[in-house]
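Some features that Swiss-Prot has for this protein:
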{"type": "DISULFID", "residues": "Cys239-Cys241", "note": "disulfide bond"}
{"type": "DISULFID", "residues": "Cys272-Cys275", "note": "disulfide bond"}
Amino acid sequence: MADKLVKATAKNGDVRIIAAITTDMVNEGVKTHKCAPTAAAALGRMLTAGVLMGAQLKAESDSITLKINGGGIAKSVTVTSYSDAHVKGYIANPNADLPVNSQGKLDVGGIIGKNGNLLVIRDMGLKEPYVGQVPIYTGEIGDDIAYYYVNSEQTPSAVGLGVLVDKDLSIKASGGFIIQMMPGADDLVADLITYRLQEIPSITDLIAKGMSVEDILEFIFEDMDLKILDEGIVPEYRCDCSRDRVEKALISIGMKDLKEIYDDGKQEEVVCNFCNKKYVFTNDEVGSLIKRLENNK
C-alpha cells in the first residue's frame with residue numbers, strides 16, 4: 001500500500017488522530033544508512049514518529065527534531081521533520097543489532113537502552129526553539145513518545161509505531177499513529193480506544209495485508225464517528241543539505257579551527273549525517289572561508 005499521512009477526528013472531535021503508512025519513506029532512510037535489521041527498525045520508528053509529529057506543525061518553515069539516546073549500542077538516533085511530511089534522520093551506529101526479544105520481535109529497546117533521554121526540539125522561527133526532554137521510558141520509541149506527550153505537553157496519547165524488516169533487509173511494512181484525547185473528553189472513550197488497540201493486530205500486520213491508512217482508521221474507530229479531515233500527503237525521506245549550508249557550518253567552527261585545517265595544507269571533506277553526501281573543500285577554498293570570516297569581523 002502506498003505511503004500516505006492523514007489527519008482525522010473521532011467521537012465528535014474529542015479524539016485527534018494522525019496516522020501514516022511510511023514503508024517507502026523508511027525504506028529510503030534505511031537504504032541510505034545501510035542499517036542492520038534492529039537498527040533499521042529503530043530508525044524507521046523514529047522517522048515515522050518524526051513525520052507524525054511534524055504534521056502537527058503550523059508553518060511551512062517550522063521543524064521538529066527528535067533525538068533519543070539511552071546508552072545502548074545504537075548510540076543515538078536523530079530525525080528532523082517538517083510540516084510538509086518530509087523527514088531526514090540517522091542512527092549513530094547503523095550496524096546495531098541484537099537477537100529477537102522474548103516476543104520474537106526485533107529488540108529496539110535493547111539497542112536503544114533506557115539510561116538516557118528523549119529530546120524534542122520544536123523550531124518555530126522564534127528567537128529560541130522550544131525544547132522538551134523526558135527520561136526514556138522503555139526505549140521502544142512509541143512508548144517514549146507517548147510518555148513525552150503526557151509529561152511535557154500534558155496530552156494523554158496512544159502512540160503506535162511499527163517497522164517490519166524483510167529477509168533481504170528491505171522494509172516490508174512501516175507505519176504509525178498518534179491518537180490524542182482532547183480536554184474534556186470522556187474517560188470511557190479513552191478506555192474503549194485502549195481496549196481496541198490491545199485487541200487488534202499490529203499496524204505492520206494491517207499494512208502488510210494491504211490495508212490503506214484510511215482502512216486502518218476505519219477498523220480502529222468503527223462506530224466512533226471517524227472523520228478524515230484531509231486528502232492526505234505523501235511522507236518522503238529527503239535531505240535538504242547543500243554546499244552553502246556546509247560552508248556556513250565550517251565557518252561556525254571558528255577562526256582557530258579553520259586555520260588549523262588550512263595550515264595542514266590538505267583538503268577538508270565533510271559528510272552529511274543525514275544522507276552521507278560528501279562535500280570536499282580544497283585548501284584554497286578553506287582559505288577563502290577564513291578571509292570571509294575576517295571580513296565579517
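Backbone N, Cα and C define each Cβ position, glycine as well.
Cα-Cα distance from Cys239 (disulfide bond) to Cys275 (disulfide bond): 6 Å (rounded to the nearest whole number). Contacts of Cys272 (disulfide bond) defined by a Cβ separation under 8 A and a same-chain sequence distance of 6+ are given as Cys239, Cys241, Val246, Lys278, Tyr279, in order along the sequence. The Cβ of Cys275 (disulfide bond) lies under 8 Å from the Cβ of Thr32, Lys88, Cys239, Cys241, each of these being in the same chain and 6 or more residues away along the sequence. Its own atom aside, the Cβ of Cys241 (disulfide bond) has 17 Cβ atoms within 10 angstroms in the protein chains shown.
All protein chains considered, the CB of Cys239 (disulfide bond) has 19 other CB atoms within 10 Å.
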